[in-house]
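Feature list (source: Swiss-Prot):
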ACT_SITE  His303  active site, proton acceptor
BINDING   His346, Glu352, His382  Fe cation binding site
BINDING   Tyr361, His382  homogentisate binding site
Amino acid sequence: MNINAAPQIIGHGSQGVTPGYMSGFGNSFETEALPGALPIGRNSPQRAAYGLYAEQLSGSPFTAPRGANERSWLYRIRPSVKHSGRFTKADMGLWRSAPCLEYDMPIAQLRWDAPSMPQEDLTFLQGVRTMTTAGDVNTQAGMATHMYLITQSMVDQHFYNADGELMFVPQQGSLRLVTEFGVISIEPAEIAVIPRGVKFRVELVDGPARGYLCENYGGAFTLPERGPIGANCLANSRDFLTPVAAYEDRDVPTELFVKWGGALWQTTLPHSPIDVVAWHGNYAPYKYDLRTFSPVGAIGFDHPDPSIFTVLTSPSETAGTANIDFVIFPERWMVAENTFRPPWYHMNIMSEFMGLICGVYDAKPQGFVPGGASLHNMMLPHGPDREAFDHASNGELKPVKLTGTMAFMFETRYPQRVTEYAATAGTLQDDYADCWRGLEKRFDPSRP
């Protein structure tokens, strides 16, 4: 199949509601780009069809419980051992990994404006700017948050991350992620997740692109438990899309970059590694449209905890304490009676990195801009600014629909340490704390 053509659903078992994708979360998928490329009833035939090589990609130990066991079988033109060659260290640029102690910054609530799009040519790897790190990449715990600024597609360059899975959150411009498993296209208000070890390249679709990137060192993202919410709402499994098989058979010099142990390595290949003709399994990249998230909330009074907006969670070994929660604040109705409707003032055991894809965030109508970010680390107080407080305290409590907005949060159990880049960036707002300065003493013991 020509990788430059739109991927199609071809062959045995490739069922999906959208051309090019298969619907579902964590399914055991199967797809082939050439008829008969996928063996039936076995994984490793003596001679695979079309002269392909059978290769397993494992995302969990062999003995992981069945519900947590992740692997896929790939039928490819060349095995990955043919891809490795000799690796040499490459320049990491502004990409950092935990633990990153390069800058000792005083604790504070922090907020950044959106970075400007650079004029120079920057591919994905050159355009990553790490904002915070948490945990330890070598113990497979924690995360890193990054911004990406891309002005040039990767050409004859590919990458995979052995340290963690990557979640792309576009804010400006669309991306085409050409992966071993197939092609994923995403735009602002969509996300994509690329598991550890999956080779891919990043291409621009409609000009320069800016967005956020979460690097998850810990357990793979999964859907949160709904508890008493029941069987529906929040992020529904059917809205997650995994690409059908698409491959290229190109014998051209290609650079392969690997992030491993917090460092970047590279080698040169004589061919493209995007050569998987068929695959089956439950370890694969996927995309999700955040606009399909079905929010739930208070329909009587009070403001519920933000955990009800969790799209995906990376669990830790402690039940209910996430390695990462990915939370969004989408369009929704505000109807609670006799209630302060914005998020309340808070001190939290978790550390919160927030971004804004579009619109206005209801707790911060000023200063928190699309493409910007904020960091509220563990046990540092935060909450609505003066303007939001006054409006919510005195406004008419009629039903109001928040429209045209999409904020998100990467929340982790670990403290998030700020990188030197983030601490010295010209986009760092030195007056962020002033947004609370106008909150005056209102206490009057004579007026209950």
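Keep in mind that glycine also has a Cβ here, set from the backbone N, Cα and C atoms.
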In three-state DSSP terms, the structure that His303 (active site, proton acceptor) belongs to: coil
Fewest other Cβ within 10 angstroms of its own Cβ, chosen from the recorded positions His303, His346: His346
Cα distance (Å, whole number) from His382 (Fe cation binding site) to Tyr361 (homogentisate binding site): 14
CB-centroid shell, 8 A cutoff, Fe cation site His346, Glu352, His382, site residues removed: Pro343, Met347, Asn348, His376, Leu380, Pro381, Gly383
Site with most surrounding Cβ atoms, counting all protein chains shown within 10 Å, from the binding-site residues Glu352, Tyr361, His382: Tyr361
His346 (Fe cation binding site) versus the residue listed as 'active site, proton acceptor' - Cα distance in angstrom: 12
